[in-house]
Amino acid sequence: MPAIAVLAAAAAAWCFLQVDSRHLDALAGGAALNNANFLDNDQWLSTVSQYDRDKYWNRFRDGIQDDYFRNWNPNKPFDQALDPSKDPCLKVKCSPHKVCVTQDYQTALCVSRKHLLPRQKKGNVAHKHWLGPSNLVKCKPCPVAQSAMVCGSDGHTYTSKCKLEFHACSTGKSLNSLCDGPCPCLPEPEPLKPKAEKSACTDKELRNLASRLKDWFGALHEDANRVIKPTSSDPAQGRFDTSILPICKDSLGWMFNKLDMNYDLLLDHSEINAIYLDKYEPCIKPLFNSCDSFKDGKLSNNEWCYCFQKPAGLPCQNEMNRIQKLSKGKSLLGAFIPRCNEEGYYKATQCHGSTGQCWCVDKYGNELAGSRKQGTVSCEEEQETSGDFGSGGSVVLLDDLEDERELGPKDKEGKLRVRTRAVREDDEDEDDDKEDEVGYIW
């Protein structure tokens, strides 16, 4: 028995020496190999926290994806292998639900763990699979050259558009560039929309102005007929008389002829400017612009005269239209029916058929005080204007060649000249109006 015990002890000692010698040989061989690449040194690898138990360097700083570089050959020379000190993930801190993935020494991405497949076990060996490597192989790497930053549709700033496309490719997201430069994108300035020119005057104001101008022209025409007698030497004789047109009766056609200084039956800006007093009537220019149907900057005689035939500006005609709408084609018993002239204004004499009373009115239908009587009354057919153009009075056209004196029957007519005669007030004595006052009526 003692001999057997001695033999067993000797055999155990010999086995220990064999194992120990093999271990030393392995360490010696490993040290020699590590002279070529120190990454194969198990002792060095154990001190690096980012390497897993399989001792393969993982540049994603996460043990879950350490199989990304399973195909990396650690026996390559160091200049062709990976430099751990240049791992870009060392400077990146991802959120708890993401891990760091690098493409090269300058590109690091935080990838969601949802893109990682769960571990599958075969026996007692853990096999880890991840779709990232296959995706990254398909994605086009970005050049090292610097480029302009862009803001992605995910709200993150990328150093280049290529980096944005690479991130979209590697993560499977649909991303696009919102703007150049860092996020957030500044709102783009709205394109200047052409502002529609707003008319300075409403339609009602234009109609009222046309009505006042028509009254003014009527007063000018009336005064011209009183003080001016055409002579055989008048250069205006022999040309077309616009006043004979159906829509240019009396004062409208007469005023057109006076303004048409070159006798071309068109009023240009220089001719219309004779009545442009923008300081007092800012709606004059918009009125004539609205009457220029052909938009050629000129007014024909038809355009001129139609400009003053606004239905809404004819008081008596408007009243007749209102009565017709109320009656709906039936006769209104006991209703007052006004009498209108051809221009759409009230006639001077108005009578009520049911009561037999008559009275005098102006062209706008305003009854003259004390004129109402039973039976017929005598009213002047041409009433004074309403004074809408101001308190200065009505306007008389005079000859430029004449002196500033009272006109006689032998005076001549030439270019336009403007003077005023005072309007007699109802409450003033006739002795107070002896001399005319020169000036604009505005």
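Yeah, the Cβs are placed from backbone N, Cα and C, and that goes for glycine too.
Quick look at what Swiss-Prot annotates:
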- 1-21: signal peptide (SIGNAL)
- CYS89-CYS100: disulfide bond (DISULFID)
- CYS94-CYS110: disulfide bond (DISULFID)
- CYS139-CYS169: disulfide bond (DISULFID)
- CYS142-CYS162: disulfide bond (DISULFID)
- CYS151-CYS183: disulfide bond (DISULFID)
- 313-379: domain 'Thyroglobulin type-1' (DOMAIN)
- CYS316-CYS340: disulfide bond (DISULFID)
- CYS351-CYS358: disulfide bond (DISULFID)
- CYS360-CYS379: disulfide bond (DISULFID)
- 425-442: compositional bias 'Acidic residues' (COMPBIAS)
DSSP helix/strand/coil residue counts for the domain 'Thyroglobulin type-1' (313-379): 14 helix, 13 strand, 40 coil
Disulfide-bonded residues compared (CYS94, CYS142, CYS169) - the one with the fewest other Cβ atoms within 10 Å: CYS169
Long-range Cβ environment of CYS110 (disulfide bond), under 8 Å and at least 6 residues apart: VAL92, CYS94, SER95, LYS98, VAL99, CYS100, VAL101
Residues that sit under 8 angstroms from CYS379 (disulfide bond) by C-beta distance, when 6+ apart in the chain: ALA348, THR349, CYS360, VAL361, LEU368, SER371
Disulfide-bonded residues: CYS89, CYS100, CYS162 - member with fewest neighbouring CB atoms within 10 Å: CYS162
Fewest-neighbour residue among disulfide-bonded residues, criterion Cβ within 10 Å, set CYS139, CYS340: CYS139
Spatial neighbour of CYS89 (disulfide bond) that is closest, considering only the disulfide-bonded residues CYS151, CYS162, CYS183, CYS316, CYS358 and their CA atoms: CYS162
Cβ neighbours of CYS360 (disulfide bond) where a neighbour is any other Cβ within 10 Å: 21
Alpha-carbon distance [CYS340 (disulfide bond); CYS358 (disulfide bond)] in Å: 15
Rounded Cα-Cα span from CYS340 (disulfide bond) to CYS162 (disulfide bond), Å: 84
Disulfide-bonded residues compared (CYS183, CYS316, CYS351, CYS358) - highest count of Cβ atoms within 10 Å: CYS316
Confidence summary for the domain 'Thyroglobulin type-1' (313-379), mean pLDDT rounded: 84
